[in-house]
Amino acid sequence: MFDGGVPEQIHRFIASPPPPPPLPPHQPAAERSLPFPVSFSSFNTNHQPQHMLSLDSRKIIHHHHHHHHHDIKDGGATTGEWIGQTDHDDSDNHHQHHHHHPWCSDEVLALLRFRSTVENWFPEFTWEHTSRKLAEVGFKRSPQECKEKFEEEERRYFNSNNNNNNNTNDHQHIGNYNNKGNNYRIFSEVEEFYHHGHDNEHVSSEVGDNQNKRTNLVEGKGNVGETVQDLMAEDKLRDQDQGQVEEASMENQRNSIEVGKVGNVEDDAKSSSSSSLMMIMKEKKRKKRKKEKERFGVLKGFCEGLVRNMIAQQEEMHKKLLEDMVKKEEEKIAREEAWKKQEIERVNKEVEIRAQEQAMASDRNTNIIKFISKFTDHDLDVVQNPTSPSQDSSSLALRKTQGRRKFQTSSSLLPQTLTPHNLLTIDKSLEPFSTKTLKPKNQNPKPPKSDDKSDLGKRWPKDEVLALINIRRSISNMNDDDHKDENSLSTSSKAVPLWERISKKMLEIGYKRSAKRCKEKWENINKYFRKTKDVNKKRPLDSRTCPYFHQLTALYSQPPTGTTATTATTATSARDLDTRPEENRVGSQDPDISVPMHVDGDGAGDKSNVQFSGFDLEF
């Protein structure tokens, strides 16, 4: 660039250039971002930017100074040196990345403007979009170049801020700021980019105050009137059409030399404006941090409320769960207690029942022991006191005559003694009787035989059954009489067993039955009688099942003192035997089962007959 030049020219380029013309007052931030209007088109030659015109004129001055340096005055030299210094700084900063294609100020401002309008969501897409926007306004740059240039301007901006903070009260601040005065417009654009969200009116008011201060300082000098007129002219030119923009820019170029004479005053105004901007930035940062803290506090309170509500719900659910568990456990315990009580009651009942059974068993055992002891004593008496056959025959004849008298006297009293009772018919198939042929009465009975095989399988006719009942009753009455009169027949009655005497009585009447058969028949009769007597039901007189029921009832219900009822029953039975058919006769069957013990009460003063396992127990 300086090939063929003089060393003095290099010295002049190194010298500090005058500051650029100040920004017009009350200029909005959106209008300060670019030196051309929004409707700018890079292909329209009639709308040439103001800054480009001034830059071209400066280049022309610089070119003229390059060839005719001996004809230029101090003001022109100063202007040429400022232009040269601007190009020199740009060439130093952009030498590495933009050696062949340097960035002009308009291009940098357009880059900052487009970059400030794009959100930094996707970096690569952002720089591609910025590159396309630059291409639309006539600047062809790649996304990588745009990114590198923006980062470079960003570093310069931060370096400028650091220098201003460190040298606020130092006189060197004016010189440092003058060295960066050529990039003032770019500095303001970068600052606008980093503080894009702030209020534009507040910034414009601060800038207006700074311009007022600067105007007051300029009025203290010699050329204050001219400067104010130029500033007012610039304000008017900004509102005019695009055709008048070129004339205003030329006037600014002519007046820039006069403005340079008051450079020191302008530097003071710029330093004060920059310090005020820094204070505004700090205040806005503080407010921003305060707002962020408030938002964070609101978010924190909201999250804490959610957590508290969730914890309260969890505690309530846990409490309900515990209550349900306690309730279930109490119900379970109550059920177990009720079950235990029921089991205890059941066990107690079983114990009571067992105690009763044991008492009954003990009573039964006691009765059996008494019977066995009495029976053994009875057998011993029979063995020790045998009687002669003559005595037996005489006693039997006497008793036979007494029985006949009783039978004759009681025949007239039979209708009065028989009364209806509550009876229940029993199936004859439950305990069938063994069949036997009916034998006529033997007027001349033969002596009984000792073997029992002769009467096996023979039926018991009804008259024979009635005879057995009457004989059993008569022997019981005779035993009572023997107890009253011990001197009469007590010795003979005790000498022979009960069923042996009954068998002999049956043989005298004409029925040949052994003592064992008589005993078995008597047990069967009592068994059927007990079954029918336990049921409280009326029983007809002509019932086929257990036809001797009424006789047994009358037998057990009559008083023991008299014998008229027995004879009457015998006479009635004899008459019934002649009138009833043959099929009504009841037989007997040998029972092989064990019959439980039963005590037959014949009335007050009568002996009890105990039947147990085929034995006739009397006590």
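Including glycine, each Cβ sits where the backbone N, Cα and C put it.
Looking at the stretches 151-183, 382-414, the one that Swiss-Prot records under the feature region 'Disordered' is 382-414. Here the domain 'Myb-like 1' (102-154) is broken down by DSSP into helix, strand and coil counts: 38 helix, 0 strand, 15 coil.
Under DSSP, residues within the motif 'Nuclear localization signal' (503-510) fall into helix, strand and coil as 7 helix, 0 strand, 1 coil.
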